[in-house]
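Notes to accompany the following structure.
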Amino acid sequence: MTNFYKVFLAVFILVCCNISHAAVSFIGSTENDVGPSQGSYSSTHAMDNLPFVYNTGYNIGYQNANVWRISGGFCVGLDGKVDLPVVGSLDGQSIYGLTEEVGLLIWMGDTNYSRGTAMSGNSWENVFSGWCVGNYVSTQGLSVHVRPVILKRNSSAQYSVQKTSIGSIRMRPYNGSSAGSVQTTVNFSLNPFTLNDTVTSCRLLTPSAVNVSLAAISAGQLPSSGDEVVAGTTSLKLQCDAGVTVWATLTDATTPSNRSDILTLTGASTATGVGLRIYKNTDSTPLKFGPDSPVKGNENQWQLSTGTETSPSVRLYVKYVNTGEGINPGTVNGISTFTFSYQ
């Protein structure tokens with residue numbers, strides 16, 4: 001009888017000590033500041049290389065490995081949400097607005113900054129798929145980091161950003177785990193910071209208004225539709241800061257919506273059936289006209305120089321072209337504007 005009680009007691013203790021329950025408690029702060037107080041960051045970029053991202057690494061961030069204490073098989077993931085307005089995108093990631101000139105790229109996720117999820121939009125999204133703790137006590141953390149973005153074309157300037165609420169991360173129990181009344185959401189505010197933004201550009205050495213005298217020709221020199229004859233030539237010269245790549249767009253001043261390669265003649269022209277095309281350097285393909293804008297990627301924008309040239313220039317050739325509508329002799333006048341983009 002004595003031996004029976006000893007065995008029963010041993011089995012009871014073994015079963016008792018392996019019973020555990022999933023549990024979670026909040027050990028973090030509900031309000032958290034991202035980045036150092038009064039941070040200051042400096043960078044230099046070409047004027048139209050926009051949006052321009054300040055490569056601040058993980059310096060503007062918040063990281064805490066101990067926000068929730070979990071145990072006993074508790075399963076937890078993380079969701080994140082940004083409350084700032086979306087003002088653009090870069091490589092599929094939202095740019096969030098802080099001021100008219102400054103925006104943010106934002107990442108949220110687990111404790112490790114490098115695993116942060118690039119945030120897009122203003123809805124809750126999965127930023128950490130999660131894990132299940134074993135029969136022991138551990139913690140779940142989180143991280144947020146941001147990078148400032150210059151949004152608008154401007155000369156060199158200093159931008160100050162005030163403390164701003166940016167969004168939240170919430171703990172997401174799964175696989176039967178429940179948080180009960182435990183705090184699941186933490187909020188984040190971006191500490192104030194200053195950007196010292198230096199821009200580089202170019203100076204036009206050629207007069208801003210260039211008149212190209214067009215040679216007189218006879219209709220017989222353009223016998224068929226599409227035939228061309230050189231009418232005149234000119235050059236554009238610039239002086240650039242180091243590292244600036246110059247792009248340019250021609251705009252048809254008479255018909256700004258023109259996206260073809262034939263310049264519209266002005267109302268002062270009396271000739272018909274003839275147009276003007278513009279070529280650069282030794283190109284065999286005429287330049288097309290686009291919107292009057294310096295924005296990077298502007299329609300029909302073309303590269304004038306590389307970033308290694310500080311004194312770039314381009315030779316332009318104007319050619320008459322038979323438009324196929326029957327040529328009637330007269331005067332030919334056309335006006336095109338050039339817009340430079342410093343990238």
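Placement of Cβ uses the backbone N, Cα and C atoms for every residue, glycine included.
Features of the protein shown, as given by Swiss-Prot:
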BINDING   Ala65, Asn66, Asp110, Thr111, Ser138, Thr139, Gln140, Gly141  carbohydrate binding site
COMPBIAS  298-307  compositional bias 'Polar residues'
DISULFID  Cys75-Cys132  disulfide bond
REGION    23-199  region 'Receptor-binding lectin domain'
REGION    200-343  region 'Fimbrillin-binding domain'
REGION    287-307  region 'Disordered'
SIGNAL    1-22  signal peptide
*May I ask for the residues of the chain that lie six or more residues beyond the compositional bias 'Polar residues' (298-307) and have a Cβ under 8 Å from a Cβ within it?*
236, 238, 240, 242-250, 259, 280, 287-291, 314, 339-341
_Cβ-centroid neighbours of carbohydrate site Ala65, Asn66, Asp110, Thr111, Ser138, Thr139, Gln140, Gly141, 8 Å, sequence order_ = Asn64, Val67, Trp68, Leu142
*asked:* Given a separation of at least six residues and a C-beta threshold under 8 Å, show me what packs close to Gln140 (carbohydrate binding site) in the same chain.
replied: Val67, Trp68, Ile70, Val76, Leu78, Met171
*Just how many other Cβ atoms lie inside 10 Å of the Cβ on Asn66 (carbohydrate binding site)?*
12
_Counting across all protein chains present, how many other Cβ atoms fall within 10 Å of the Cβ of Thr139 (carbohydrate binding site)?_
17
*In this structure, which of the binding-site residues Thr111, Ser138 has the fewest other Cβ atoms within 10 Å of its Cβ?*
Ser138
*asked:* DSSP-wise, what's the residue breakdown of the region 'Disordered' (287-307) into helix, strand and coil?
replied: 0 helix, 3 strand, 18 coil
*asked:* To the nearest Å, how far is the Cα of Thr111 (carbohydrate binding site) from the Cα of Cys132 (disulfide bond)?
replied: 16
*Compile a sequence-ordered list of residues in the same chain as Asp110 (carbohydrate binding site), six or more apart from it, whose Cβ lies below 8 A from its Cβ; state 'none' when nothing qualifies.*
Leu78, Gly116, Val127, Phe128, Gly141, Leu142, Ser143
